Amino acid sequence: MRNRRKNCRRESPNKPGKFGVLRLSICNKLCYAVGGAPYQITGCALGFFLQIYLLDVAQLDPFYASIILFVGRAWDAITDPTVGFLVSRSPWTRFGRMLPWILLSTPLAVLSYFLIWYVPPFEDGKVIWYLVFYCLFQTLQTCFHVPYSALTMFISSEQKERDSATAYRMTVEVLGTVIGTAVQGQIVGMANAPCVPVPSDITDKLGNSSASLPTAGPEINTSEPAISLEHTRAAYMIASGVICAIYILCAVVLFFGVREQKEPMSFFQGIRLVMGHGPYAKLVTGFLFTSLAFMLLEGNFALFCSYTLGFRNDFQNILLVIMLSATLAIPFWQWFLTRFGKKTAVYVGTTSVVPFMILVVCVKSNLIVTYFVSFAAGVGVAAAFLLPWSMLPDVVDDFKVQNPDSTGHEAIFYSFYVFFTKFASGVSLGISTLSLDFAGYITRGCSQPEEVDLTLKLLVSAAPIVLILVGLLIFISYPINEEVRQGNRKLLQEQR
């Protein structure tokens with residue numbers, strides 16, 4: 001049998017195979033998957049580090065930081081359906097309808113992202129600076145991410161091919177979170193400016209100066225620091241520059257490595273049908289609560305490690321362990337959902353992180369235990385990444401079966417799903433930062449009041465657990481199981 005070389009240039013991205021099924025090469029799937037990395041790399045860097053950057057590096061008041069985080073995410077959520085509408089109304093080009101949006105938004109997106117991590121040389125307009133560039137970046141990234149998410153339905157008409165491409169995408173996206181955490185965390189960690197002792201720290205140190213036993217809590221360094229705040233600010237800019245370069249590279253690979261199928265699209269005609277589709281409403285609502293849980297954990301874990309656990313110089317490594325664990329767990333969850341079904345994977349995967357959320361706040365501060373808990377928690381984080389995006393195509397197929405005459409509404413499904421999750425993210429970050437302000441958070445303090453420690457424990461443990469349980473209760477009524485999914489697949493094949 002003659003051997004055939006498969007590559008992006010020589011093989012058509014959507015090549016008909018037996019029975020007219022459109023096949024994707026491994027190279028096509030990899031190029032498609034690479035396009036998901038920029039959203040996760042920048043999202044992870046912003047999610048883990050922006051809050052602590054605004055508070056301790058830009059030195060904004062917690063109240064203003066909460067406004068920036070909330071308004072930025074809320075604006076980001078509003079732009080999703082807007083961009084979805086604009087994408088659906090944009091004309092078809094020889095490159096497709098989605099890919100031009102991805103390519104043209106990239107240069108301005110990386111510029112605005114870089115300026116988020118720059119501390120302007122003035123004080124009065126700092127809040128406006130960060131708010132403008134944060135909102136601008138979120139808008140431009142939406143112009144990348146919404147078309148990319150909808151592209152899932154346009155790279156192949158075959159569910160199996162889309163599921164396979166989604167698995168590649170989820171693996172690369174979780175790898176993107178590792179890259180984002182590693183680049184941002186390790187570069188910034190090497191230039192971490194010392195904390196500023198608060199009066200209670202100095203009093204405690206003087207009171208224990210005659211004792212020979214070591215004291216618990218973060219080390220207080222009152223000598224002249226070798227690393228200044230300016231070094232830390234420069235490190236954030238270097239990290240953002242590296243991430244911007246990766247962002248551009250991924251966008252280029254996606255643009256030249258993927259081709260989309262041409263299908264008619266409309267927007268207003270389908271909004272009512274899409275939003276009224278029962279499985280979609282239940283899926284979005286369930287993942288809204290579970291996503292909010294993980295966003296609370298993500299947004300506050302760096303502060304929790306730095307102040308409550310006292311690992312100020314190790315938190316970036318702890319975050320990296322979580323993301324590495326999540327990357328390694330993706331193949332397992334892909335096998336699990338194939339073997340036991342996606343709905344079962346939701347219950348097992350989401351609940352697997354709950355014991356470790358409890359353990360991390362109940363066990364006395366210990367670095368080895370924290371690393372172990374972080375590694376185990378990463379397994380559940382992988383499920384949270386993989387499952388929503390693997391289940392959305394099933395809902396779209398179910399919609400097509402029930403509405404065979406309605407076509408071209410894929411962008412609506414994805415844009416509104418992203419809208420709800422981003423809005424929840426804005427609410428979570430705004431409320432959590434505002435809660436820290438009410439609790440008496442001290443900028444760059446070597447220690448925090450007990451109220452802040454309690455607030456951080458609630459934000460990374462109690463509140464996420466409650467949200468996860470609510471989300472799982474909603475999933476009980478989610479109707480698309482493996483039997484329904486296979487039935488929809490057969491019906492769609494017959495329609496085609």
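Cβ atoms here come from the backbone N, Cα and C positions, even for glycine.
What TrEMBL records for 98-119 (among others) is transmembrane segment. Cβ atoms under 8 Å from those of the transmembrane segment (98-119) belong to residues 35, 42, 46, 50, 53, 57-58, 83, 87, 90, 126, 129-130, 133-134, 136-137, 140-141, 143-144, 146-148, 150-151, 154, 233, 236-237, 239-241, 243-244, 247-248, 251, 254-255, 258, 260 of the same chain, restricted to positions at least 6 beyond its ends.
Positions annotated as transmembrane segment by TrEMBL: 131-155 (among others). Among residues of the same chain six or more beyond the transmembrane segment (131-155), those with a C-beta under 8 A of the stretch's C-beta atoms are 13-14, 24, 28, 32, 35-36, 38-39, 42, 67-68, 71-73, 75-76, 79-80, 83-84, 87, 96-99, 101-102, 104-106, 108-109, 112-113, 115-116, 161-162, 165-166, 169, 251, 254, 258-261, 263, 389, 392-393, 396, 410-411, 413-415, 417-418.
TrEMBL lists 234-258 (among others) with the feature transmembrane segment. Residues 8, 13, 27-28, 30-32, 34-35, 37-38, 41-42, 45, 49, 53, 57, 95, 99, 102-103, 106-107, 109-111, 113-114, 116-118, 144, 148, 151, 155, 179-180, 183-184, 187-188, 190-191 of the same chain lie 6+ residues outside the transmembrane segment (234-258) yet bring a C-beta within less than 8 angstroms of a C-beta in it.
Residues or ranges marked as transmembrane segment in TrEMBL: 278-297 (among others). Residues of the same chain lying 6 or more positions beyond the ends of the transmembrane segment (278-297) and with a Cβ under 8 Å from any Cβ of it are 47, 346, 350, 357, 381, 384, 387-388, 391-392, 395, 398-399, 413, 416-417, 420-421, 424-425, 427-429, 432, 459-460, 463-465, 467-468, 470-472, 474-475, 477-480.
Residues or ranges marked as transmembrane segment in TrEMBL: 318-338 (among others).
What TrEMBL records for 344-363 (among others) is transmembrane segment. Here the transmembrane segment (344-363) has Cβ contacts under 8 Å with residues 286, 290, 297, 308, 333, 336-337, 369-370, 373-374, 376-377, 379-384, 386-387, 391, 457, 460-461, 464-465, 468, 471-472, 475 of the same chain, all six or more residues outside its ends.
According to TrEMBL, the transmembrane segment annotation covers 370-391 (among others). Tertiary neighbourhood of the transmembrane segment (370-391): same-chain residues 149, 152, 163, 166-167, 169-170, 173-174, 177, 283, 287, 290-291, 294, 305, 309, 311, 318-319, 321-330, 332-334, 337, 342, 345-346, 348-354, 356-357, 359-360, 363, 417, 480, selected by CB-CB distance under 8 Å and a gap of 6+ residues from either end.
A Cβ distance under 8 Å defines the sequence-distant neighbours of the transmembrane segment (411-436), meaning residues of its chain 6+ beyond its ends; these are 51, 55, 62-63, 65-67, 69-74, 76-78, 80-81, 83-84, 87-88, 142, 145-147, 149-150, 152, 265, 267, 270-271, 274-275, 280, 284, 287-288, 291-292, 295-296, 299-300, 303, 388, 392, 395-396, 399, 452, 455-456, 459. Feature annotation from TrEMBL assigns transmembrane segment to 411-436 (among others).
The transmembrane segment annotation in TrEMBL covers 456-480 (among others).
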